[in-house]
Amino acid sequence: MEGETTVNAAASSSSSPSRYESQKRRDWNTFLQYLRNHKPPLNLSRCSGAHVLEFLKYLDQFGKTKVHAVSCPFFGQPNPPAQCTCPLKQAWGSLDALIGRLRAAFEEIGGGLPESNPFAAKAVRIYLKEVRQTQAQARGIPYDKKKRKRPHTTATATPTAGTDEDDAGGSSGATLVVKSRIIQSDTQ
């Protein structure tokens, strides 16, 4: 009986879209609804990066992330001790993921050349970068690029004398055996 449940679950998951695909479709429909409600209504073919920015700013009203203003006494504090009147906005990570899904949806519908994708516009990338930096400063968390830790390798060479069996192929020299060791450094 347990095996049947597994098979049925596998069969139903293959026929229904993945969570990502469902979210992408929902986001795409939301964006198209925004374009229809826009004053004046917009066609997708006339949509630009500026319209995508308007959409992202429109979404801020539904945000759940407190972003402290520079004038707020809690600006730069990761865990403020009390409430404040700073606005709630969309979190940077949510906006970044949304733009990624919309960019993919635009490409799937055959929206044209990648250069014409309004979700991949330079203005959108700059806006997302500014949102990330602003939210990081407001919470007091730096978004510095993390340096990749590269393992240090040390090699030791050990010459070994060849035996008669090793020289069967006609070589008459010694074999060089190299042993390498990866050393993980805890320092940055």
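Keep in mind that glycine also has a Cβ here, set from the backbone N, Cα and C atoms.
Whatever TrEMBL says is automated annotation, not expert-curated.
As recorded in TrEMBL:
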COMPBIAS  9-18  compositional bias 'Low complexity'
COMPBIAS  153-162  compositional bias 'Low complexity'
DOMAIN    19-147  domain 'ALOG'
REGION    1-22  region 'Disordered'
REGION    138-188  region 'Disordered'
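With helix defined as DSSP H, G or I and strand as E or B, the domain 'ALOG' (19-147) counts 77 helix, 4 strand, 48 coil. For the domain 'ALOG' (19-147), the model gives a mean pLDDT of 89.
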